[in-house]
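> My questions all concern the structure below.
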Amino acid sequence: MEKSTWTTKVGLAQMLKGGVIMDVVTPEQARIAEEAGAVAVMALERVPADIRAQGGVARMSDPELILAIKQAVTIPVMAKARIGHFVEAQVLEAIGVDYIDESEVLTPADEEHHINKHKFRVPFVCGCRNLGEALRRVAEGAAMLRTKGEAGTGNVVEAVRHARAVYSEIRRLQSMNEDELFTYAKQIQAPYELVKQVATEGKLPVVNFAAGGIATPADAALLMQLGVDGIFVGSGIFKSGDPVKRARAIVEATTHYNDPEIIAEVSKGLGEAMVGINIDQIPADQLMARRGW
């Protein structure tokens, strides 16, 4: 039963492949995202840039806001729960969200355990920085992965680092024999069966999107060319000068990621991009990507 349920959830996430998922904080923003071609929206009270700027404890959004956003659009609605906070996840499932993001953008609720995602009917998306993190999350029941990046910075460097790390590790696996795979599984603290599956198939068992710091159409196309299956855009759209135009442009660039002429065309006259932050200027205790284990 559990296996078939997980397979169904993975199939649901596959339906988002090649698309853009946008962070929204109001029903109006959700409508803009849907009209721009987003395949789903992430309902939030504050985008990551505001969470980063305002500090404090970041928790699950008010269910009333999530329901208002659900009523405003016909595309799937995601919402974030804190790492390890299975009751926030239970609440999100109870109000009918389509996907739950167990997210390092919120303040972690548990410093040892992630949520056991097999206990839920709703598919989960989780962040990863490398293959070990990716496969640990899949073992816990994640139906979809994303790079962690460094959310709320408008700086794509961490998302690139995480995507490259995952795909280079997959390529390494493919040249290993069974003995080496056993040892490697122990080194990256991932279940051997999953490691072996990835080595055999040459790909992750679930879709892997890029997230964290994507601010321009070129950023989105860069990650797609690196091999991700789709794009999450957080603060990059509604913290920019012309959100409607930028949202459409990022969708176009994600669809036509191998066509520089189209990317050039949609990148024209987008107005001011969000103000970015250099990663090395962020104090270590404020780096979101390090949250999770």
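Using N, Cα and C of the backbone, Cβ positions are placed for all residues, glycine too.
Pulled the feature table from Swiss-Prot, pasting it below:
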ACT_SITE  LYS80  active site, schiff-base intermediate with D-ribose 5-phosphate
BINDING   ASP23, GLY152, GLY213, GLY234, SER235  D-ribose 5-phosphate binding site
BINDING   ARG164  D-glyceraldehyde 3-phosphate binding site
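Can you tell me where each of these features sits in this structure?
Under a cutoff of 8 A between CB atoms, and with a sequence separation of 6+ in the same chain, the neighbours of LYS80 (active site, schiff-base intermediate with D-ribose 5-phosphate) are MET42, LEU44, MET60, SER61, ILE100, ASP101, GLU102, SER103, VAL105, LEU106.
Taking the Cβ of SER235 (D-ribose 5-phosphate binding site) as centre and 10 Å as the limit, one finds 26 other Cβ atoms among all the protein chains shown.
Neighbour count (other Cβ atoms within 10 Å of the Cβ, all protein chains): 15 for ARG164 (D-glyceraldehyde 3-phosphate binding site).
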> Looking at the binding-site residues ASP23, GLY152, GLY213, GLY234, SER235, whose Cα is closest in space to that of ARG164 (D-glyceraldehyde 3-phosphate binding site)?
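That would be GLY213, the closest of ASP23, GLY152, GLY213, GLY234, SER235 to ARG164 (D-glyceraldehyde 3-phosphate binding site).
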